[in-house]
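S.K.: Pasting the feature list from Swiss-Prot:
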type: SIGNAL; residues: 1-32; note: signal peptide
type: CARBOHYD; residues: N74; note: N-linked glycosylation site
type: CARBOHYD; residues: N97; note: N-linked glycosylation site
type: BINDING; residues: H164, H168, D175; note: Zn(2+) binding site
type: CARBOHYD; residues: N231; note: N-linked glycosylation site
type: CARBOHYD; residues: N235; note: N-linked glycosylation site
type: CARBOHYD; residues: N254; note: N-linked glycosylation site
type: CARBOHYD; residues: N286; note: N-linked glycosylation site
type: DOMAIN; residues: 311-483; note: domain 'VWFA'
type: CARBOHYD; residues: N522; note: N-linked glycosylation site
type: CARBOHYD; residues: N580; note: N-linked glycosylation site
type: CARBOHYD; residues: N637; note: N-linked glycosylation site
type: CARBOHYD; residues: N821; note: N-linked glycosylation site
type: TOPO_DOM; residues: 927-942; note: topological domain 'Cytoplasmic'
Amino acid sequence: MTHRDSTGPVIGLKLVTLLFTLSPELLFLGAGLKLKENGYDGLLVAINPRVPEDLKLITNIKEMITEASFYLFNATKRRVFFRNVQILVPATWTDHNYSRVRQESYDKANVIVAEQSEEHGDDPYTLQHRGCGQEGRYIHFTPSFLLNDELAAGYGARGRVFVHEWAHLRWGVFDEYNNDKPFYVNGRNEIQVTRCSSDITGVFVCEKGLCPHEDCIISKIFREGCTFLYNSTQNATGSIMFMPSLPSVVEFCNESTHNQEAPNLQNQVCSLRSTWDVITASSDLNHSLPVHGVGLPAPPTFSLLQAGDRVVCLVIDVSRKMAEGDRLLRLQQAAELYLMQVVEAHTFVGIVTFDSKGEIRASLQQIYSDDDRKLLVSYLPTAVSTDAETNICAGVKKGFEVVEERNGRADGSVLILVTSGADEHIANCLLTSMNSGSTIHSMALGSSAARKVGELSRLTGGLKFFIPDKFTSNGMTEAFVRISSGTGDIFQQSLQVESVCETVQPQHQLADTMTVDSAVGNDTLFLVTWQTGGPPEIALLDPSGRKYNTGDFIINLAFRTASLKIPGTAKHGHWTYTLNNTHHSPQALKVTVASRASSLAMSPATLEAFVERDSTYFPQPVIIYANVRKGLHPILNATVVATVEPEAGDPVVLQLLDGGAGADVIRNDGIYSRYFSSFAVSGSYSLTVHVRHSPSTSTLALPVPGNHAMYVPGYITNDNIQMNAPKNLGHRPVKERWGFSRVSSGGSFSVLGVPDGPHPDMFPPCKITDLEAMKVEDDVVLSWTAPGEDFDQGQTTSYEIRMSRSLWNIRDDFDNAILVNSSELVPQHAGTRETFTFSPKLVTHELDHELAEDAQEPYIVYVALRAMDRSSLRSAVSNIALVSMSLPPNSSPVVSRDDLILKGVLTTVGLIAILCLIMVVAHCIFNRKKRPSRKENETKFL
């Protein structure tokens, strides 16, 4: 047994204890975004490798963020700005002596620059998957947006757009406009434009020429073809989350300027709170006092980074514990797939093994051909040692030696650490690993290793996986496939399209059909693995009817694998496979299929699975997410199923949803989610997600995913209409003929504090986030998605609905708001749409008395509710909905200024024509005022 320093672990373990108390966002100390002394450090902007080289992009990115820094500083009342920024240049671009990356990569970037896919055009957008006040995934800009100065007319200055998107990303606020509901009727029975603040002015425009207001208003809403153009000169200073393109807009809507009646995402998701209220509640502004003085901060500094050759080292545990539970065999099978299929060509790969000491089995070798891949497979360990000790740090140290062979440094390299042993001395190499510049992905085999080895991944920005000791689990294979290059080039990545594992009785079969869709097919590999004896009888039938048998597969008896690589491009369509267990006892048979994109002209569908946080304490639930996309385009109506495997107990299968309710924030954004609370034991849990869809049910979303910058069609300038160029909508996507399937590991998470044995119910219904209210005559009709008995699963017992004329009362003192009798409302199963109708004036005498003096005056009713389960556990109070009430019957909504609807471009109209038009309109208004019968349909400017 090797001697170890006894003082190092004490210090290291204290560090580990400290790290456990920090939030997941702070655990990645080796890189990442930080706020220090009012300045953001480490903002990472990454350019996709498919973007053609253009140094003007770098120049414009610098100018955009510099402008954004000053704009942000003033908008936040001198609280935050950008101090230093890293720009990750693709490895495909010419090397201009850029600095080398350390742990930075495209898939960790805060901002990405990539070609827009399908019909999104050039809209900048932020991918938001969490709720109000919580961070998003990334900001996306297209090269065209950054290079084409003419787009500034529609979107506004790039720096202002960046701040709009930054508020989405960093502070979790939402758009204050709504393309689906551009108009609404306010509490004064006026038709208003959805905006914030309501002080922003403009005029209604009809596409069919000068027309009376009646032609633009039908049944209290605007006819298609009517639009609203804003005045280019405004007095309103807000809001950045509505229209930062207006020169006067320099701040976020606050408590005094917020338009809580507007039907936008900000009001829905944040319960009518202003964007500034949400932003000031963030940790950024809570811990940042305004900078003294009147001057601006220094401009940001920029560092240009570029990845070099990709360097990977497998660091494999061969201690005695690897003999348990077929761990070594499962490792061999998964590592063979990684080396033969997943790792990309031209990568340098080395292999290290360790028990109580480390050993280099293969120095770095670059992959050019399948022969190079087979040679690396031959270096995989074939037996475990007799040494019971596991010295993870010894293996990691040898791994660093291997990756440093390339250029003397570990910067930008990747270590894939696979271990089954608990090592109390792992803290000895935490700081070394964190400062190495290498990213460490860890796979913990069995429960004893899982709790500590993940720290190496957290500190270096790597992925961590927990692999249960079950041969029926395909988790290790899925983990290896998940570890991609991180470059963002999905056309080079291997995608897992099938993963099936079943225990098959003797002389019985595992048979199924899988799909090779039209976007994949290159470099397609079928891998069959078994548990004991010789290979099963294999029959594989392609869409044209060609049959492949066992003899067509390459058999590795030592690793118990059979692989078949389809030459060229695999035929698109349905493939059928049959595995017959010829062994005399039951055994687990597995089928894995991986493939690459078939063409650069068509983005393949991708699946990214992840959890909100990688550790939680009982009874806090875990939120599981699956980001399903075709390029950058959301895929809707797919069947998305998560499988969660605990250390002990049976797997839990859960369907993820994209309905905008429960754990899901935005409907139809391609991010499917669900609460998970079926905790069997304290410990680690492994996550895998499968996606399948039929072309008859799945569609591609038409709007831009997430929250995006508004493209303004035109403005009113000096009483003239100035239209911008039509927005670029791109091209329509090609419809998939066969549907598709994908599989992805979501890594692992840990749960602490789960009680032993039976315990009382501690899981309430989830918060209702999509409550809507609508006035129908004198009644209010409510609708929402039903929560469950436990979060978003099962069936809740009852609802508590309350209303008030005071927003403060309903939001801050819900228990004392007026109770609505909902005793006859029987809750439905989670996910079902609920409706409930009530009359506010009949709820209580208290409200009747409150309204007695101004019964004919318009007023707003605020409504919220919460659910209760059979254990009397209550959900959080829902989002707040409002509805405008009262006014005499038959009154029609009006537009709030003088009666005029403009059409076309008036820049060629002379001053005389304008004066004549004004006189005609004034004459019409004068005449209409004499006709009371038409007063109710009066149309006005906003």
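Note that Cβ sites are derived from N, Cα and C of the backbone, with glycine treated the same way.
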S.K.: Using the centroid of the Cβ atoms of H164, H168, D175 as reference, list every other same-chain residue with Cβ within 8 Å of it (recorded Zn(2+) site), in sequence order.
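M.R.: Near the Zn(2+) site, beyond H164, H168, D175, sit T126, E165, A167, V173, F174, M241, N707, H708, A709.
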S.K.: Just going by other Cβ atoms within 10 Å, which of the glycosylation sites N97, N231, N254, N522, N637 has the emptiest spot?
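M.R.: Comparing Cβ neighbours within 10 Å for the glycosylation sites N97, N231, N254, N522, N637, N97 has the fewest.
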S.K.: How many whole Å apart are the CA atoms of H164 (Zn(2+) binding site) and N97 (N-linked glycosylation site)?
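M.R.: Checking the Cα atoms of H164 (Zn(2+) binding site) and N97 (N-linked glycosylation site) gives a distance of 33 Å.
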S.K.: Would you kindly give the Cα-Cα distance separating N254 (N-linked glycosylation site) and N235 (N-linked glycosylation site), rounded to the nearest Å?
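M.R.: Cα-Cα, rounded: 16 Å.
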S.K.: Among the binding-site residues listed here (H164, H168), identify the one with the smallest other-Cβ count within 10 Å.
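M.R.: Selected from the binding-site residues H164, H168 on minimum Cβ neighbours within 10 Å: H168.
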S.K.: Going by Cα-Cα distance, which of the recorded positions (D175, N254, N286) sits nearest to N637 (N-linked glycosylation site)?
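M.R.: Closest recorded candidate to N637 (N-linked glycosylation site) by Cα: D175.
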S.K.: Given the glycosylation sites N286, N580, which one is most crowded in terms of C-beta atoms within 10 angstroms?
M.R.: N580
S.K.: D175 (Zn(2+) binding site) to N821 (N-linked glycosylation site): how many Å between their Cα atoms?
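M.R.: D175 (Zn(2+) binding site) to N821 (N-linked glycosylation site), Cα-Cα distance: 34 Å.
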S.K.: Restricting attention to the domain 'VWFA' (311-483), give the mean pLDDT.
M.R.: 94
S.K.: Between C-alpha atoms, which of these glycosylation sites comes nearest to N522 (N-linked glycosylation site): N97, N231, N254, N286, N580?
M.R.: N580
S.K.: Output the one of N74, N235, N821 that, of all these glycosylation sites, has the highest number of other Cβ atoms within 10 Å of its Cβ.
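M.R.: Ranked by Cβ atoms within 10 Å, first place goes to N74.
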S.K.: If we check Cα distances from N821 (N-linked glycosylation site), which of the glycosylation sites N74, N231, N254, N286, N580 wins as closest?
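M.R.: Nearest by Cα distance to N821 (N-linked glycosylation site): N254.
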S.K.: What is the number of other Cβ atoms found within 10 Å of the Cβ of D175 (Zn(2+) binding site)?
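M.R.: Taking every protein chain into account, the count is 24.
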S.K.: Compare the C-alpha of N74 (N-linked glycosylation site) with the C-alpha of each of the recorded positions N97, H168, N231, N254, N580, and give the closest one.
M.R.: N254
S.K.: What's the CA to CA span in angstrom from N254 (N-linked glycosylation site) over to H168 (Zn(2+) binding site)?
M.R.: 16
